[in-house]
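Okay, so here's the structure we're looking at.
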Amino acid sequence: MTQIADPSILFPPLVKGAAQAITDYRMIEEGDRVMVCLSGGKDSYTLLDILLHLQKRAPIHFEVVAVNLDQGQPGFPKHVLPEYLTRLGVPFDILTEDTYSIVKEKTPEGKTTCALCSRLRRGILYRHAREIGATKIALGHHRDDILETLFMNMFFGARLKAMPPKLQSDDGTNVVIRPLAYLAERDIERYAQAKGFPIIPCNLCGSQPNLQRRVVGEMLEGWEREHPGRLQNILRSLTRVTPSHLLDRDLYDFAGLSVTPAEGDRGFDGEEYPEREFLAGLSNLTLLG
């Protein structure tokens, strides 16, 4: 029988990692009104817990409002989130928009509905953020989501592009933040199990998960099993980009490159990989073990 860990032990490293990401990317500032998008999954529940904790202890004042979108999926348990959020004492809005019918009508039989569903959901949430005066929209994407997106774009889109911790929304009127960007999914999952969150299944619509994303996710899980710490190193590499050692002519002027009296880059020197030193230092920031 699997023993459930104490959430009070699992929570502090998660808070520390999220606080570091928030600080590094200046995600939350004085006077912000943060709209937390709550799906009923482990990630968004954990995100809400962390932000409510930081709200009480951070040296700045910011508001937190939880928002859930009921998309009309059959079997959606409408009572779960209102009851949970009421007990928690956090301000919340439940939006009701029947995007399920639209998605079913527009998506061919057998095809995944996730892309269209996501676009419709995003538009509704952006609009609501404007209506309530939210200055930031907080999403529950974590480290593993970011890395899956990176490799999805490389393998199937031929683009070096991931999922940023902070960005301007595509409608140009909102700022989206991902405070869980530094956190591993397995650590969030352990905490969610320990807390016993009332999880709402994400497959109520009957859509099958994206096969390509599932394959990439399994690949990353395999890497981490065989080489613990590899995923954290890949994430860190996204913060240490050297354009002169890539092939993008828009990022680096290869055509204009010429010999100068200044010292050139050390492209032919041996690389140094202080992996263990880095992981040892980071283990104090997030749960890596």
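Each Cβ is built from the backbone N, Cα and C atoms, and glycine gets one as well.
Quick look at what Swiss-Prot lists:
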BINDING   Cys114, Cys117, Cys205  [4Fe-4S] cluster binding site
MOTIF     39-44  motif 'PP-loop motif'
Helix, strand and coil residues within the motif 'PP-loop motif' (39-44) as assigned by DSSP: 3 helix, 0 strand, 3 coil
Averaged pLDDT score, the motif 'PP-loop motif' (39-44): 96
